[in-house]
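Q: Straight out of Swiss-Prot:
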TRANSMEM  42-62  transmembrane segment
TRANSMEM  66-86  transmembrane segment
TRANSMEM  126-146  transmembrane segment
TRANSMEM  147-167  transmembrane segment
TRANSMEM  189-209  transmembrane segment
């Protein structure tokens, strides 16, 4: 049962989306501390959705259909806003000595964790994933120890996956490539965020209306 959970969740994580683009961009352009904080935020978001799924997220959406639409509308709006800011970026990243220290001084751990959390919570793809695919996996988990273990598996696997992604994109070759093409990478990532956001807003409005 837990093996099925690990496999299903791994494939869910491997599907490219806002979380992946956020972590890879942070790893290539920001400090290690800030990137890990972002990963912690995303992991907290996954933990939140995982807990809701175990408490009957799918049943809640069936009982209150408009709730799903509201979540998609709010999440889509935030993603679209992030996408707009990134899509209009005209600056190239510059990596200098002590850049990690400078990055760390420009923000706080709390702010970076919150950024990662908001990126995940605003991603309605995660909502659909946990309310449909993951619910089918978790439906047979009824014992308290199984619930605790399943929750731990989801949280640990999420953090480990994105930490590995951050290690890959924080390598010097990745930083050089990002520095050289950062404007275009940010613009493309922004377009992806904007697309996700607009689709979610559109679908959210449709669900609320109907």
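Note: Cβ is positioned from N, Cα and C throughout, glycine not excepted.
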Q: Using a Cβ cut-off of under 8 Å, list the residues of the same chain at least 6 residues beyond the transmembrane segment (189-209) that approach it.
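A: Distant contacts of the transmembrane segment (189-209): 17-18, 21, 25, 65-66, 68-89, 123-125.
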Q: Report, as numbers and ranges, which residues of the same chain sit near the transmembrane segment (66-86): CB under 8 Å and 6 or more residues beyond its ends.
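A: Distant contacts of the transmembrane segment (66-86): 18, 60, 118-119, 121-124, 127, 131, 186-187, 189-208.
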